[in-house]
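Feature annotations, reproduced from TrEMBL:
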- ASP500, ASP509: Mg(2+) binding site (BINDING)
- 1-11: compositional bias 'Basic residues' (COMPBIAS)
- 55-67: compositional bias 'Low complexity' (COMPBIAS)
- 75-86: compositional bias 'Low complexity' (COMPBIAS)
- 208-229: compositional bias 'Polar residues' (COMPBIAS)
- 488-838: domain 'RNB' (DOMAIN)
- 1-20: region 'Disordered' (REGION)
- 52-86: region 'Disordered' (REGION)
- 130-244: region 'Disordered' (REGION)
- ASP508: site 'Important for catalytic activity' (SITE)
Amino acid sequence: MAFSPKVKRTTKHGDGAQNLLRSQKDAYARLLNQHQNGKFRSYLQELATQQVEESMSTSVSRSVNVVSRRKKGNSESSYSVDSLSSQQSRQMADASICSYTDKTSYQVTCTEDQGIKPGMLEKHARMELHKAAAPKKVPSKPQHKRNEKDIKISSNLVGSEEGDSQQLSCSCGEEQAKDKSKKKRLKGNLAKKDEGECGPEVDVITGKSPNKNIKAPQTQASKESLLQNNKDKGTKSGRGSRKQLFEEYMRTEDVSAGLERGELIKGVLRINPKKYKEAFVPSPDGSADIFLDGIAARNRALNGDVVVVKVLPPEQWKAPDVIVEARYNEDDEVIGKMKNVCLHDKVDKCYNVMWYDVVIIFEQKHSRAASGFLKFLPNKNFAMFSPVDHRIPRVNVPLVDCPADFVSRPGDYENVLFICRITHWPADNNFAEGRLAKTLGQAGEIEPETEGIMTEYDVDFSEFSEEVLNCLPQDLPWSIPAHELSRRRDLRKECVFTIDPATARDLDDALSCKQLSDGNFEVGVHIADVSYFVEEGSVLDQIAGKRATSVYLVQKVIPMLPRLLCEELCSLNPLTDRLTFSVIWKLSPEGKILSEWFGRTVICSCIKMSYDHAQSMIEAPDKHFSAEELPPCSTNHRIHEIKEAILNLHNIAKQLRAQRFESGALQLNQLKLSFSLDKESSMPQGCYVYQYQDSNKLVEEFMLLANMAAAHQIYRTYPELAILRRHPPPQSKMVDDLQEFCDQMGLDIDLNSSRGLHRSLNENLGNDEYAAARREVLTHMCSRAMQMASYFCTGALKDENSFHHYALNVPLYTHFTSPIRRYVDVIVHLRLHVAKEVHKLASHCNDRKTASKRVQELSSELFFAVFVKECGPLDSEAMVMGVLDQSFDVLVLRYGVQKRIYCNSLEGLKAVHFRKVGKRPEMTLVWEQADPSKESTQQEISIFTLLNVQLKADGAPMKYSAVLKRPSALI
């Protein structure tokens, strides 16, 4: 689009004052557009008013008439800086933002990541205002370059309300004076933007003008010459087209060739949820992660997508802005303090980091669905959807998808959650395009929040269709056919029992143990035979394969199979005949396997035990338990017989566990939060850290033994078709860094092997009351270096060494013991015959297991946030896990949650002194005394420091914060 030529005018007496007023107003409005801080706005207004008054006092006071207007007749009213109210300023800024929505830069930055020092804002404000106060001159080319630099600085200071850092840049040309209403003034701004009357468009990624040929007019130019000039420039830099922000995807054949030559790398993209300008792809050798810097490098890929990346040429590498800390500013908005760690030309010396870009999304694993909020944009035919998860871009959604009264009453929907699905993300737009799928309800309420979580992670929580239900037995009550009984080993007279959580309804494993005449034991693990009911290739099989796993939320379970199977026909309920798949060993008292048998069986469980019931027997082996103390029990087996079986299993399990860890196994259990819920409302009434007891360990040992036995069995039978589970060793770079940190902390931690690490965590951290807390802190640190375990088909990996499971330290492992809730276990039972299908199913089960785990974690976080809101504030001891320059992370011991405490939010804190000794961070907090005559008190903060904290709800839905309680000496 051509730029309208400006009319040359003759400067009259008094125009100097008007120019000053206008330029002051331009600078002020531009700053308001960039900075929304209320105190900063007041400071600018006061400063601008003072400067205008000082300048006007030296000029001749007279009325200022309009002497220039554009040929198209557009005009705007003039106003003085001191007449610009705070509300008008905000409206002007909002109007500018709205008019530039479709051209803004989506630079996703967490509120904990990026920010500005307070002094920078004031300095920048003074610089802008003094520049505006200077007399206007015809800019030369060097001056134009300096202006570009100023614009770049300005654009880098912009931050969004929610921390996404949706950087909006609007640089408008001179406004023409005419006394009209405020509404006309805003309308004129929008019209001028659309008609190309603004100055050169700023590229918010680079901070440069895309149209490098544009210069300030020195004389009046003809319309024809400007049209010709724009025509010569082409569409690349013209106002009629948008700059391409993302690279076009590489052709599929080029990607295949690049992967084969080793020039490209394929992997799963992980976006840091706290610093989501940062993303990572695992390196093929497992040594360290590949780093992708910024939104453009991700090239529209979302978290979890399988991407192909290329390394950039060294001349395109740059020094990363390493985020040191996040802190609060005066308005309690989280801003980030960032520091350059080294010069650009020395980046390869400071960091051994190569820079990568995504060249294609190989497979879209992210659901492209998100929960979030709608924002109304004036004069637009679409609304802005802002996802709760800031790793997902903002989305333009058509107004026709919005509620009918959204345009007239947008305020009614400020706290309403919606589901949006991304349909397209153009290469020339930082905003995606999408459609609203559903209105969830009020943010902060459990059910809408839960549905949003499940939708985003693509959890199918719909009811099973009639077609699926028709695959189930129709004649109820169902009984085992006689011909099926004849083909199975009958164990119904054996003492078989289940041990599960008290609330469990899908009982998929049972145990048996009897002592033999030779002093050895016959031990059996009996697993529900789901494969009998799930016919391969049926609709039921397809839906189970798609769901791949049951999802356990705090308040409910989303089952993989219809409840008729999960809770009745397959569940090993007591006093009922059930079909099972069993592995039976002959074991010595020391746990040595003397013989092993696999096969299909039928059992009748004699009792449904909870972990607490089994634990009471382990803790009181000589106690006589009455029938009233236990659940209903079969009359064919005495309680004493059941207790003896449990005690024998416990003794063997202790032997197996000791041998396992002596052989090099590693266990990194982290604290798990459990809730007690109101039976009617399902609201949390209480919460506690789940206690892992000997009864849990008993069941775990025999499930592990069964899974390992099944892995060897199917690998022997189907060496190319077995589906196993592998766990790669931790990333060597992270292990080395952690080892150095532990050495400097004086911790005797051996990270050279899984065996050494397990021994260190359990033997070298003392035996006082806080040893468990220190172990939890170190366990969290060690877990960061660990890679995820995954399913695979043996035909897809040629090197048997890669089958190894690092944490268990065993060569072969699989999942066999939970077919009601895991489809992989069903595959193992069915023994599928096509390697390609097995590999594909293994990959799908990995995705669903990861999603299920994350949904379970988010459900727990949701309920705990509600609990804090309803029952808080909550006081607890906490142990420091990490120290940054203006904050520190703590493990809240009473509840097992991890929170970050920001020093700038602490009332009564006078100063913070941060230092590092090698890799060991330390901090000194200086507290003010209640009595001003007394000296300030200092508090030392370092890893493992014990503190008293308080958890309290924030204003935002589902948010709560941790606050450090002042030392008791100061209270």
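Each residue, glycine too, has its Cβ placed from N, Cα and C.
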ASP500 (Mg(2+) binding site) and ASP508 (site 'Important for catalytic activity'), distance between Cα atoms, whole Å:
9
Other than its own, how many Cβ atoms are within 10 Å of the Cβ belonging to ASP508 (site 'Important for catalytic activity')?
24
Long-range same-chain neighbours of ASP509 (Mg(2+) binding site), Cβ under 8 Å, sequence gap at least 6?
THR498, VAL525, HIS526, ILE527, ALA528, LEU572, VAL699, MET703, THR817, SER818
Count of other CB atoms lying within 10 Å of the CB belonging to ASP500 (Mg(2+) binding site):
19
